[in-house]
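Visitor: Let me begin by handing over the structure; questions about it come next.
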Amino acid sequence: MLICVNKTGRIALTIVHNAKNGGCRFVYLRETPAKHTFAGGGAMRPHSELCMYCSWVSVDAPLTQSFFTYLCLALVNGSILLYRRQRLQVSWYWYLFLGFIDVQGNYLVNKAFQYSSLTSVALLDCWTIPWVIILTWIFLGTRYSIWQFFGAALCVAGLGLVLLSDAGVGGEGGSRPLLGDTLVIAGTLCIAMSNVGEEFCVKKKDRVELMSMLGLFGLLVSVCEISIVELKSLESIEWSTKIVLAFVGFALSNFLFYTLVPFLLKISGATMFNLSALTSDMWAVVIRIFFYRQKVDWLYYLSFAVVAIGIIIYSNTEKDPIPSPSPEYGNPSAQYQVLNGESTESRNAIPGS
């Protein structure tokens, strides 16, 4: 369930998951539009843990992992788009660019699990936030307050503590942690570009078209890169039931994640979406301790605390303008006043009589 509330704490929009058919039911309440979005990042992003599990069982196939996600997106959303028989609202080459950078972002971040720890990848994924702020400022015209910049800066400072910790870890933190951290940071730039492009498309264009074209071109780019980069890795995999289930679980969870992203971007924007997704990082620490039996450096806890403070400062000082209520529904809380020169007869008179 995703609940959006305004500054007074009153529910503005609720998305309720239907357990029977796996769908979503949207319940709109006629309040002012949402000011903040709270999402269960731990429930939305289990694919991070599945990526780590694949690397843990010596599976080095990040492009193949993403391939099945794009296949699901193309089949489901593409079928809806074909049924509509409508022309594309955005030129195909923009979707090609969006699909290309999305594949690169997924590849770099998933590849980082081969070299760094789950906790480092999860925390360094916060680098998406400053990238998104810069890109939305330049391309979407979004303006931020000085306190929002300060909150984002604290998040980046927390990430610096992760780099400091990884510089001195042993084998438990990954084979080459600094290389893994660098791959994550490069991947977050691509993901930020993808998020900003998706935010523009879902707010101005069609969501189904976006997901179908992203799936189609992401699928094509993945096939090309798999044939160049990943064939030997696939041949060396000793397939088992656990590995197959990990691939299936990753594809399904990532498909669900991609399906929910457009709704969240339309409601809250790319920056607040990435801030909300950081709630999954605490689960990363828990999984690393209890599932992989790895030790967590004390700097990780300090880093997470700094990042959490930065998120709180950012969200509490957000000053996005609240749009006016739709004329279709009116504003039930507005107070109206009769003008002095207007009479009851003129208000009740039929035009043209």
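Every residue gets a Cβ built from N, Cα and C, even glycine.
TrEMBL: automatically predicted annotations, no manual curation.
These came from TrEMBL, pasted as-is:
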- 67-83: transmembrane segment (TRANSMEM)
- 90-109: transmembrane segment (TRANSMEM)
- 121-140: transmembrane segment (TRANSMEM)
- 147-165: transmembrane segment (TRANSMEM)
- 177-196: transmembrane segment (TRANSMEM)
- 208-231: transmembrane segment (TRANSMEM)
- 243-265: transmembrane segment (TRANSMEM)
- 298-315: transmembrane segment (TRANSMEM)
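Burial and contacts for the listed features, if you can.
Guide: Remote same-chain residues near the transmembrane segment (90-109) are listed as 51, 62-63, 65-66, 70, 121, 125, 183-184, 186-191, 193-194, 197-198, 201, 205, 209-210, 213-214, 216-218, 220-222, 225 (criterion: CB distance under 8 Å, separation of at least six residues from the stretch ends).
Residues 61-64, 66-67, 69-78, 80-81, 84, 86, 88-90, 92, 95-96, 98-100, 102-103, 107, 198, 201-202, 258-259, 262 of the same chain lie 6 or more positions beyond the ends of the transmembrane segment (208-231) yet place their CB under 8 Å from a CB of it.
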Visitor: Quick test of the contact rule: Cβ under 8 Å, at least six residues beyond the ends. What residues does that give for the transmembrane segment (67-83)?
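Guide: The answer is 99, 103, 208-209, 211-212, 214-216, 218-219, 222-223, 226, 247-248, 250-252, 254-255, 258-259.
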